[in-house]
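Engineer: I am attaching a structure below and will ask some questions about it afterwards.
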Amino acid sequence: MSTYPSAILVFNGKRKSGKDFISVSLQKRFGEDKCAILRLSGPLKKQYAKEHNLDFDKLLDASEYKEKYRAEMIKWGEEKRRADPGYFCRLAVSEEGNKPIWIISDARRKSDVDYFQKNYRKVTQTVRIMADENVRIERGYQFTKGIDDAESECGLDIGMDWDIVIYNNGDNRALENKLDLIVEDINMKLAENKL
Ligand SMILES: Nc1ncnc2c1ncn2[C@@H]1O[C@H](COP(=O)(O)OP(=O)(O)OP(=O)(O)O)[C@@H](O)[C@H]1O
């Protein structure tokens with residue numbers, strides 16, 4: 001079940017830039033009762049598993065199973081999106097969108113951003129998480145051909161005008177200040193009915 005949200009943050013960032021870490025930090029600040037994290041990759045995996053008779057739980061963890069199907073699953077996802085660009089966004093919203101604030105933790109394509117900007121224009125803000133490559137490597141990133149050079153990882157690297165940019169290079173005090181400001185701004189706008 002979903003309700004019309006009061007505020008949406010649509011996140012994008014390279015692998016291991018800290019999208020999940022920051023989503024959870026922000027959710028804690030807003031309160032879990034008010035803020036939901038919507039992962040677009042969740043419904044993709046669920047649908048893929050369903051249509052291909054696979055074990056959904058194994059697809060979600062970092063097992064060999066996931067690696068085996070990853071490339072095939074990306075291709076399948078692209079085809080679904082081509083036919084219906086909002087397909088996975090709609091599924092994510094219908095499963096998790098029952099709290100007033102949504103964090104979309106993993107927008108990967110222009111069509112993902114478009115979906116929220118088009119359907120929830122007034123309440124949507126786009127957020128780019130930035131981290132240097134050496135920091136991402138320390139967090140476990142390893143360039144993988146066919147994945148890190150594919151549209152699913154690079155589709156939003158250029159041509160976007162982000163509402164908010166968050167730097168996550170290890171200075172956690174600066175990060176916390178930034179997250180506090182984001183939460184303050186949204187809470188203030190909500191209180192003033194500006195969102
Ligand atoms: N500011 C931070 N302080 C401490 N640890 C961090 C910070 N940012 C990220 N990490 C850690 O780095 C690792 C990668 O971060 P995270 O999973 O959030 O990245 P991601 O962008 O969601 O990655 P992926 O695209 O692969 O899902 C995690 O173990 C996370 O806990």
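Cβ atoms here come from the backbone N, Cα and C positions, even for glycine.
Since the structure is predicted, the reported quantities are computational estimates derived from the model, not experimental observations.
Pasting the relevant annotations from TrEMBL:
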type	residues	note
BINDING	Lys14, Arg15, Lys16, Ser17, Gly18, Lys19, Asp20, Arg139	ATP binding site
BINDING	Asn168	substrate binding site
Engineer: Can you tell me how far the Cα of Ser17 (ATP binding site) sits from the Cα of the residue listed as 'substrate binding site', in Å?
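Structural biologist: Here the two Cα atoms lie 7 Å apart.
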Engineer: Rounded to the nearest angstrom, how far is the Cα of Arg139 (ATP binding site) from the Cα of Asn168 (substrate binding site)?
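Structural biologist: With distance taken Cα to Cα, Arg139 (ATP binding site) is 12 Å from Asn168 (substrate binding site).
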Engineer: Please report the three-state DSSP label of Arg15 (ATP binding site).
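Structural biologist: SS state of Arg15 (ATP binding site) = coil.
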Engineer: Need the DSSP three-state call for Asp20 (ATP binding site) to compare against my parser.
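Structural biologist: Its secondary structure by DSSP: helix.
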Engineer: Which residue, of the binding-site residues Lys16, Arg139, has its CB surrounded by the fewest other CB atoms within 10 A?
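Structural biologist: Comparing Cβ neighbours within 10 Å for the binding-site residues Lys16, Arg139, Arg139 has the fewest.
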Engineer: When you measure from the Cβ of the residue listed as 'substrate binding site', how many other Cβ atoms are you left with inside 10 Å?
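Structural biologist: By my count, 23.
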Engineer: So around the ATP site, Lys14, Arg15, Lys16, Ser17, Gly18, Lys19, Asp20, Arg139 aside, which residues have their CB within 8 A of the centroid of those CB atoms?
Structural biologist: Gly13, Phe21, Ile129, Ala131, Arg136, Tyr141, Asn168
Engineer: Using only the Cα atoms of Lys14, Arg15, Lys16, Ser17, Gly18, Lys19, Asp20, Arg139, which the record gives as binding ATP, return the largest interatomic distance in Å, rounded to a whole number.
Structural biologist: 12
